[in-house]
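Q: Okay, these came from Swiss-Prot:
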type	residues	note
DOMAIN	55-84	domain '4Fe-4S ferredoxin-type 1'
BINDING	64, 67, 70, 114	[4Fe-4S] cluster 1 binding site
BINDING	74, 104, 107, 110	[4Fe-4S] cluster 2 binding site
DOMAIN	95-124	domain '4Fe-4S ferredoxin-type 2'
């Protein structure tokens, strides 16, 4: 008789514990009902990136002095810098500069250590392609500035969404 009573007591304790856990989960669910959704419809809505976002690298050919600091600080020796020594003026002349974004880890060391600030990070992050060789950008492709998300009229940004117009600013 005694084992049967202790079995019923254990069953009752386990039932109360399960009800408490279900109640805790339900309270968390109820606390989330007043929050606005964070999800965006990606191709049609885009988040505005932060100032420190590390996207595609922008390169200014005229500022580069071919010092190769970017290659030395890169953890994977990624930037390819081709130059020629001009003997009459004793300076390097940059011939070609390229970065393969299929390999780049976007650490930002090249931008940080560049002495002439010819490299900068942009807010562009869409690199989708069917051929990985198209991710190898030369100095011409690196020199193009991306279209800003704010200026893109085809995309409804978070700033124009109805939630932010009502005075609620969920993400910024």
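In case you wondered, yes, glycine gets a Cβ from its N, Cα and C as well.
Since we're looking at a predicted model, the values are computed, not measured.
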Q: Measuring CA to CA, name the entry from the binding-site residues 104, 107, 110 that ends up nearest residue 64 ([4Fe-4S] cluster 1 binding site).
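A: Checked the binding-site residues 104, 107, 110; minimum Cα distance to residue 64 ([4Fe-4S] cluster 1 binding site) goes to 110.
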Q: Which numbers of helix, strand and coil residues does DSSP report for the domain '4Fe-4S ferredoxin-type 1' (55-84)?
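A: The counts are 8 helix, 8 strand, 14 coil.
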Q: How many Å lie between the Cα of residue 104 ([4Fe-4S] cluster 2 binding site) and the Cα of residue 70 ([4Fe-4S] cluster 1 binding site)?
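A: The separation of the Cα atoms works out to 12 Å.
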Q: Which of these binding-site residues has the least crowded Cβ, counting other Cβ atoms within 10 Å: 70, 114?
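A: Result for the binding-site residues 70, 114: minimum number of other Cβ atoms within 10 Å at 114.
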Q: For residue 110 ([4Fe-4S] cluster 2 binding site), what is the secondary structure state per DSSP, taken as helix, strand or coil?
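A: The residue in question, residue 110 ([4Fe-4S] cluster 2 binding site), is helix (DSSP, three-state).
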Q: I want to check the contact list for residue 110 ([4Fe-4S] cluster 2 binding site): same chain, sequence separation of six or more, C-beta distance under 8 angstroms. What comes out?
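A: Long-range Cβ contacts: 57, 69, 70, 73, 74, 78, 79, 119.
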Q: What are the other residues, in sequence order, whose C-beta lies within 8 angstroms of the center of the C-beta atoms of 74, 104, 107, 110 at the [4Fe-4S] cluster 2 site?
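A: Same chain, not in 74, 104, 107, 110, Cβ within 8 Å: 57, 70, 73, 75, 76, 78, 79, 99, 105, 106, 108, 109.
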Q: Return the average pLDDT for the domain '4Fe-4S ferredoxin-type 1' (55-84) as a whole number.
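A: Value for the domain '4Fe-4S ferredoxin-type 1' (55-84), mean pLDDT as a whole number: 94.
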Q: Indicate whether residue 104 ([4Fe-4S] cluster 2 binding site) is helix, strand or coil by DSSP.
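A: Assignment for residue 104 ([4Fe-4S] cluster 2 binding site) reads coil.
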Q: I'd like the Cβ neighbour count for residue 107 ([4Fe-4S] cluster 2 binding site), meaning other Cβ atoms within 10 Å of its Cβ, all protein chains included.
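A: 14, counting other Cβ atoms within 10 Å of residue 107 ([4Fe-4S] cluster 2 binding site).
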Q: Fill in the CA-CA distance, residue 114 ([4Fe-4S] cluster 1 binding site) to residue 107 ([4Fe-4S] cluster 2 binding site), as an integer in Å.
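A: Cα-Cα, rounded: 13 Å.
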Q: Determine, for the [4Fe-4S] cluster 1 site, the additional residues of the same chain whose CB lies within 8 Å of the mean position of the CB atoms of 64, 67, 70, 114; present them in sequence order.
A: 65, 66, 68, 69, 81, 110, 115, 116, 118, 119
